[in-house]
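Student: Below is a structure I'd like to ask you about.
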């Protein structure tokens, strides 16, 4: 029996085998046969187990190192691709955001999905139609300002009418088409439960996902600065929270993500606040990030030059720190906005991550898919950034660029009217100008 | 029947509230449906109604309480004005964030899938049962006719296609609803056209039906009156030539025929969609509110799509100029004086760029 054991678990090197044989022989010489046999067995078991443990530890360490390597390589690759596409131009970043949106929606749906039923019912076309229709809701209004698009389409052409004047009718027609297509899909392929559930999830995910992507594209056109800083704030918060949590983490934060700790959360928030504050001022000096692009063009790697807005101008301000003396820093007003964005990024944006974890746990998966080696699917990378987009959109339109957004809205309504009414409104507005 | 006639005469405001109440009852049916054998705790019920509240808050300034209507009793700087109009999107966003944070904290590991699915189903239900029918209620202020007629169209279509299907029915129409037939479908279409031809003639001169209302009147059974100019636009005659025959239709008849087409051809898809949902959930009816017919959602499933089509037809085709002017005035009213002054050079420069 003992010999069989050594043969079966023969991962050991020859030296250890010899040692085992010597040990077993010595044991045999000392004890009674039965005692000797049992003691042999237990000792060999322990030795084999320790050998296996050591080997397993070695293998685990090697795997971990490889994992960290692939993670780092993929992270570097993703960041460099992002920077290249940012440099290429606004349109290319917009296309990248749309691609990410499509990929992430299909990833979310694949978690709740059963692949055979999806193929049987050709459900992906239903999902695509939903995506495209929901895209139409946001495209002309939130994403692109009317003033940028008006010279792309002439006023009386059918495209102009469909996209701008009769915008909501187009949206309504597309959604009606989506419902009709879905009903015919139901009839043709059956599987009612799967299809109805899938339709519900796909409509909600399409609308929410498209809304988030549109918010990001809107922030793009306000200047790369907000887009870059928003993403950077969330990433910084993640990194700080991870580091602080690793060193000091004790109390658990939430049931859904067992690795997060309260110390990590708060410490990460504090660290991120400081670094974002400093970094925002530094970023604000780069013309490339700050200039708003007034028109849409396909040219690549354009160089932007403009006078930066008021909020980006830095001026030295004195801080009285009491006994520590008076310090003078160069502060631009944008840094205060950066504080608000950083607070949001630390306290509320992580909930996107928690929700993704909850979603994963609900369907008992570890990662959304295996698209990115080392990191799991795209959503694992993008989950914290989701709610940052909505906040940036609201913050920019309501607080930072409030006047400009009101003017854009009025301009849009104005351009929808016909000529007679337009001249009438112009006359109305004129006297006020004269008075001022 | 008498109840409907009384309701119709009560006034625009009460009809609007009726739509709200009916959509709430439909939403309650959907909530009870999405509960399963795992009973929800108190927080789950709170989330259900929180979603409902958010949807209603979103829809309120758009359809139920338009700025033009409440001008007289909500003054520009009062509390309600701030909540409903000026900070509307911001408050909506904050509510959404609160919902998200609370939902994430309430997720329990063993009930995760159930909670997520329940939330999705409630959201979708709120979209179809609260958001879409609210557009039907904003049609009321353009004239009671636009409340009465589209829904009568849908009902006529249902009734006639059912009876004609019983009499003549042979070829089945669609697998989801085995009771519908092609003969019934086409017969219903023809009968709805006939009704759409006759009813406007009868109601052409009626001021109560066709006048639009620009304010909220709480007094019931109030008299509706307006200038003849509005009524005359509906009496304009449109001549069509079809296969050598000249048909003269008044504007009202033409609009009614368009609405009848939609009611017969596309609104039934709302019914098919609801049947598909019922089959997916393995239930026979949405609830027990009406004995013999099932719940309210069964009765009102086609009407939502009809209402939203009427909204788009009214606002974008009949009253387009009015809608655009209203939008612009809303935006201008919410701007400060300096913004208005800054607006003019922008518009002029943009127009010059285009030319």
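In case you wondered, yes, glycine gets a Cβ from its N, Cα and C as well.
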Student: Which of these ranges is annotated transmembrane segment in TrEMBL: A:265-284, A:285-304, A:305-324?
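Tutor: Matching range for transmembrane segment: A:265-284.
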Student: If TrEMBL is the reference, give me the range from A:28-48, A:91-111 marked as transmembrane segment.
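Tutor: TrEMBL lists transmembrane segment for residues A:91-111.
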Student: Of the ranges A:50-67, A:68-85, which one does TrEMBL list as transmembrane segment?
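Tutor: That would be A:68-85, per the transmembrane segment entry in TrEMBL.
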Student: Can you say which of A:378-396, A:397-415, A:416-434 is given as transmembrane segment in TrEMBL?
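Tutor: Checking TrEMBL against the ranges A:378-396, A:397-415, A:416-434, the transmembrane segment one is A:378-396.
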Student: What residues in the same chain, six or more past the boundaries of the transmembrane segment (A:265-284), come closer than 8 Å to it by Cβ-Cβ distance?
Tutor: 225, 228-229, 232-233, 236-245, 248, 253, 290, 308, 312, 314, 330-332, 334-335, 338-339, 341-343, 345-347, 350
Student: In the same chain, who gets a Cβ under 8 Å from the transmembrane segment (A:123-143) while lying at least 6 residues past its ends?
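Tutor: Answer is 101-102, 105-106, 109, 117, 149, 163-164, 167, 170-171, 174-175, 177-178, 181-182, 185, 194-195, 198-199, 202-203, 206-207, 209-211, 214-215, 217-218, 221, 393, 412.
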Student: I need to check the long-range neighbours of the transmembrane segment (A:334-357): which residues 6 or more away from its ends have a CB within less than 8 Å of a CB in the stretch?
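Tutor: Residues packing against the transmembrane segment (A:334-357) from afar: 225, 229-230, 233-234, 236-237, 241, 254, 256-257, 260, 265, 268-269, 272-273, 276-277, 280-281, 284, 311-312, 368, 379-380, 383-388, 391-392, 395, 399-400.
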Student: Six or more residues beyond either end and a Cβ under 8 Å away: which residues meet both conditions relative to the transmembrane segment (A:163-187)?
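Tutor: Residues 121-123, 125-126, 129-130, 132-133, 136-137, 139-141, 146, 149, 153, 195-196, 199, 415-416 contact the transmembrane segment (A:163-187) from elsewhere in the chain.
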Student: Cβ under 8 Å, sequence separation of at least 6 from the ends of the transmembrane segment (A:199-219): give me the contacting residues as numbers and ranges.
Tutor: 94, 97-98, 100-101, 104-105, 108-109, 112, 126-127, 130-131, 133-135, 137-139, 142-144, 182, 226-227, 230, 386-387, 389-390, 392-393, 396
Student: Who are the chain neighbours of the transmembrane segment (A:91-111) in space, where the CB to CB distance is under 8 Å and they lie at least 6 residues beyond its ends?
Tutor: 82, 85, 124, 127, 131, 198, 201-202, 205-206, 209-210, 212-213, 216-217, 220, 227, 296-298, 300, 359-360, 363, 365, 368-369, 371, 377-379, 382
Student: Below 8 angstroms Cβ to Cβ, which residues of this chain, lying six or more residues outside the transmembrane segment (A:378-396), approach it?
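Tutor: Sequence-distant neighbours of the transmembrane segment (A:378-396): 78, 100, 103-104, 107-108, 142, 211-216, 218-219, 222, 226-227, 230-231, 233-234, 237-238, 337, 340-341, 344-345, 348-353, 355-356, 367-368, 371-372, 405.
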Student: I need to check the long-range neighbours of the transmembrane segment (A:225-244): which residues 6 or more away from its ends have a CB within less than 8 Å of a CB in the stretch?
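Tutor: Result: 86, 93, 216, 219, 260, 263-265, 267-272, 275-276, 279-280, 283-284, 286, 289-290, 312, 334, 338, 341-342, 345-346, 349-350, 384-385, 388-389, 392, 396.
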